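Taken from TrEMBL, the feature transmembrane segment covers 19-36, 56-78, 99-121, 127-146, 153-171.
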């Protein structure tokens with residue numbers, strides 16, 4: 001049976017790791033939905049596992065989510081080019097002023113997201129590492145592909161489905 005599954009994976013149009021990732025996400029989601037305690041207990045313990053410098057794995061994943069969201073915000077905010085800075089004031093036409101404004105705006109964005117995102121995640125995520133990891137995958141793929149004009153969603157389907165499962169299934173358990 002395992003050989004047949006492996007053959008099916010090899011014959012699919014997707015990279016093997018994408019299919020394996022979807023299988024693991026489905027397994028984790030099924031265990032969470034069915035409340036299979038040995039697995040859910042281990043998954044919950046990931047949130048408080050210390051990884052270094054006193055940081056927990058949950059905090060690392062929240063920081064990754066913050067980074068992706070700040071990246072999306074920064075891309076959207078500064079994708080207008082020079083015209084964005086020329087609108088507000090004619091003094092924004094120098095590179096130095098544009099640089100200072102970008103640094104200032106992104107510093108404020110970083111501070112705001114640094115305060116808001118951890119509270120939102122900790123309030124709404126029962127499995128911080130799992131759900132935040134799924135969100136990082138979904139938003140990260142969006143950030144990577146945002147400028148690709150001919151991006152086909154179906155090319156990344158297993159990874160996107162895995163991310164969706166990890167984010168949303170815990171809400172239904």
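Placed from the backbone N, Cα and C atoms, the Cβ positions cover glycine too.
A TrEMBL annotation is a machine prediction, not a hand-curated record.
Fair warning: this is a prediction, and the values are worked out from it, not measured in the lab.
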Highest-contact recorded stretch vs the transmembrane segment (99-121), from 19-36, 56-78, 153-171, CB pairs under 8 Å: 56-78
Distal contacts, the transmembrane segment (19-36) - CB-CB under 8 A, six or more residues away: 9, 12, 43, 127, 130, 134, 158-159, 161-163, 165-166, 169-170, 172-173
